[in-house]
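Chemist: I am attaching a structure below and will ask some questions about it afterwards.
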Amino acid sequence: MAADLAFEATELRLGLPGGGGDGDAAAAAARSSSGKRGFAETIDLKLKLEPAAAAVDDDDDKEEAAADDREKKVDIVGADNDDASPPAAAAAGGMKRSPSQSSVVTAAADPEKPRAPKAQVVGWPPVRSYRKNILAVQADKGKDAADGGGDKSGAGAAAAAFVKVSMDGAPYLRKVDLKMYKSYLELSKALEKMFSSFTIGNCGSHGVNGMNESKIADLLNGSEYVPTYEDKDGDWMLVGDVPWEMFVESCKRLRIMKGSEAIGLAPRAMEKCKNRS
């Protein structure tokens, strides 16, 4: 009995459970005959893991199946391309483009579109630029309005004729609209209310028609202050030397000076009046 047993069968060796050297086959046969599982198999079953050999076999099977599927697809596509006409094949190729290729083709086909203007943030750009933009918009609106009713806009622009009024000894300036008055008399009364320290001779609405140099001198000597004006030529003239309509068109500014200083303007006023007449 002892002679039948080999020492290798009873020899103890250190190693991992289920593994070993030359006695692996005998140990596997003994385990299969005894019906007991090894330590590694027990752990795999508890963790629901497949043995290493089975996992490798499954991976090989999956790779072979995937390769077979690819070969079948290539054969089918090749047969379709042979049967299809060139336009149909091109259309099929266009249908199977990747998303990146289709986006590139679309971008190349469409013309370049301008970017949408950004919404203006309140308070930016700075105030000066913002005001320039507002003025530009208002100018455009003004042009449109002028195109629609140019006669009305021209009449509105000519409706006012503001001129500055100064007086010798007065520390301030005033401004009057000559279009508000219809004669020299109305303008004289308005100036008297503005500057109560001067008097002015009365002139008719026709200016100095029928007035000679002596009458102008008497007018200047009889008043403490005399209104004068600067015309478009830059000459200082006496108020009342021309008809009212001509005065309104040519007056640039008014000055109320002392009568003694305005005496030298009388001959010049008479000369200019004669030349215009």
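Including glycine, each Cβ sits where the backbone N, Cα and C put it.
Swiss-Prot lists these features:
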COMPBIAS  24-37  compositional bias 'Low complexity'
COMPBIAS  64-75  compositional bias 'Basic and acidic residues'
COMPBIAS  84-94  compositional bias 'Low complexity'
DOMAIN    160-259  domain 'PB1'
REGION    13-38  region 'Disordered'
REGION    53-119  region 'Disordered'
MOTIF     12-16  motif 'EAR-like (transcriptional repression)'
Chemist: Just to be sure I understand, if DSSP states are collapsed into helix, strand and coil, how many residues of the motif 'EAR-like (transcriptional repression)' (12-16) fall in each?
Modeler: 0 helix, 0 strand, 5 coil
Chemist: Across the whole of the domain 'PB1' (160-259), what does the mean pLDDT come to? Round it, please.
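Modeler: Averaged over the domain 'PB1' (160-259), the predicted model reaches a pLDDT of 74.
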